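> Take this structure first; my questions come after.
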Amino acid sequence: GDGCGHTLLGPESGTLASINYPQTSPNSTVCEWEIRVKPGQRIQLKFGDFDIDDSDSCHSSYLRVHNGIGPTRTEIGKYCGFGFQMGGLITSKSNEVTVQFMSGTHTSGRGFLAAYSTTDKSDLITCLDNASHFSEPEFNKYCPAGCVIPFADISGTIPHGYRDSSSLCMAGVHAGVVSNTLGGQINVVISKGIPYYEGSLANNVTSKVGPLSTSLFTFKTSGCYGTLGMESGVIPDAQITASSILEWSDQTGQVNIWKPENARLKRVGPPWAAFISDEHQWLQIDLNKEKRITGIITTGSTLAEYYYYVSAYRILYSDDAQKWTVYREPGMDKDKIFQGNTELYQEVRNNFIPPIIARFFRINPLKWHQKIAMKVELLGCQFSIGRAPKITMPPPPQNKNDDKNDDFSDDFIHSVKTSLQTDKTTFTPEIKNTTVTPSVTKDVALAAVLVPVLVMVFTTLILILVCAWHWRNRKKKTEGTYDLPYWDRAGWWKGMKQFLPTKSAEHEETPVRYSSSEISHLRPREVPTMLQTESAEYAQPLVGGIVGTLHQRSTFKPEEGKEASYADLDPYNSPIQEVYHAYAEPLPITGPEYATPIIMDMSSHPSTPLGVPSVSTFKAAAGNQAPPLVGTYNKLLSRTDSTSSAQALYDTPKGQPGPGAADELVYQVPQSVAHSTGSKDE
């Protein structure tokens, strides 16, 4: 009928609109669409916009949907209303649906725009949906065929992204993600907007320049859109040939040759140009082996004085350069005519959905401005050889329009790929696009998780080893040659440090000086120790009381009735026995307190047997002058702990006879180091 507007009915999806949409539809018009899909499938219908006059309660202006086609069809529903919001989808009971639009006498009403698909496309959207209609940062939707519509706008390009006000499906066609004649799935990623959106021409869709927006969107694909070597020079000159070459002389007599190897995109200088401008000219590229070709970019001459460019062309491909196949889209019985350039500078991109798998690629210009001249670049990736099952080609799309609409549809429905000669080129491969965010496969996702974890683990181990090494070095520096290990410095082991020959800052002792005769009696290995020793450390009693049991090495008074004897000092005189310094045992709570031991030279003590090495003792009888000493010994000067008498030289133990007692109390004091062994006089 005369009420049909933009229409493209594909094998699995399509788009239909009333005449003059989105402007007011004319009076007294009618249109009927018959939609068929594969047997066994059902059809779902979704409205993107619905605005039909309902002043007469859907009597003269309405939209009616039927199950089936022809006289046996049954009505699903009849709809009208201004700004009518259709809740959900209208679903058929079979694989055929009839949509009938009737426009009576009215003064307003845009009509409608709807999309359809098979019921397995649960995420169907219409050509009017844009990114601002969805709140998710990433989502998948199904775009119907026929979304290249003259009344929708897009701003932006790949790889920078599209403005959020752009039609999602129309931008998908522009980006080369979906085909306008087939539709397809899109994976959309939302991100922060940019101040300026560029415009470009791609896949017969013109993107306009756009201003700042809050957000933008890109399409996530698996990628196969790298350049194949025309611009970079990977493809050598010998592999670029042409049907003819333009050769001419300018006014100065210089010969100009626009050879095929000049047809490299962005290469400075003249392009390739054909000597004869007709539909039989071609530019051929040998890729040296089979490649997956997903797109082509073309420009004109790029020389301002030569306004030459190709505005339309066909694509042919071959494996042997002998038998050529013209590119057609699936389900089409016509060669696809690609839109070329509209001026000599602008880069125009066209994508192949599905991709071409071939070694030899040929461009056949059909329309041009003044002369055939162009520069090109091919997009794609390496092709892994593998067999795939053949697919059944769907029937061609249905176009039910008046004569005027038939001409409009020809602009959008082009030729079809018919590469069915080999198994590997007959299946529909996955759509790829490297100019947008690529999807991550399972292996890549696993690697993306494992690699950072392994790096963190190894880094942690290295840090632990480094810290342990530094800690060990610091421990070695802080521990002296004679110092105790760090694990022995706790508890009662602290007391043992008093008897080791190391300098301690915790005690303030009077230095001990050794005579040369003492050093001469030491074993060789003990001499350095004797010389290095600066102080003798003695245990200090912390509590008072009666000494219970004192051993030979005790620095305190022995038990009552037991006379101290120098003969008991055998452990100090043994040449083979290791000498260990005993530590003081604490005194009970009650009992006499004893003074700090004072080391004196007792060589002339009356009870000392001859031949016995002198040992340091102290005297309990205060006020008595020490007798002269025999032998060469140094005296250790010490302070007295008693403050009761200024004349007392020695402290008197509590409970013992005072000064002037007949018996002198002599106490044995261990030496800091072992004395050399001497002979005893019996």
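Cβ from N, Cα, C; glycine included.
Copied straight from TrEMBL:
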DISULFID  CYS4-CYS31  disulfide bond
DOMAIN    121-217  domain 'LCCL'
DOMAIN    224-381  domain 'F5/8 type C'
TRANSMEM  444-469  transmembrane segment
REGION    642-665  region 'Disordered'
> Relative to the Cβ position of CYS31 (disulfide bond), how many further Cβ atoms are located within 10 Å?
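Its Cβ shell of radius 10 Å holds 26 other Cβ atoms.
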> What mean pLDDT score does the domain 'LCCL' (121-217) have in the model?
94
> Reported in the order helix, strand, coil, what are the DSSP residue counts of the domain 'LCCL' (121-217)?
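Within the domain 'LCCL' (121-217) the tally stands at 11 helix, 38 strand, 48 coil.
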> How many other Cβ atoms are found within 10 Å of the Cβ atom of CYS4 (disulfide bond), counting all protein chains shown?
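Neighbour count, Cβ to Cβ under the 10 Å cut-off: 22.
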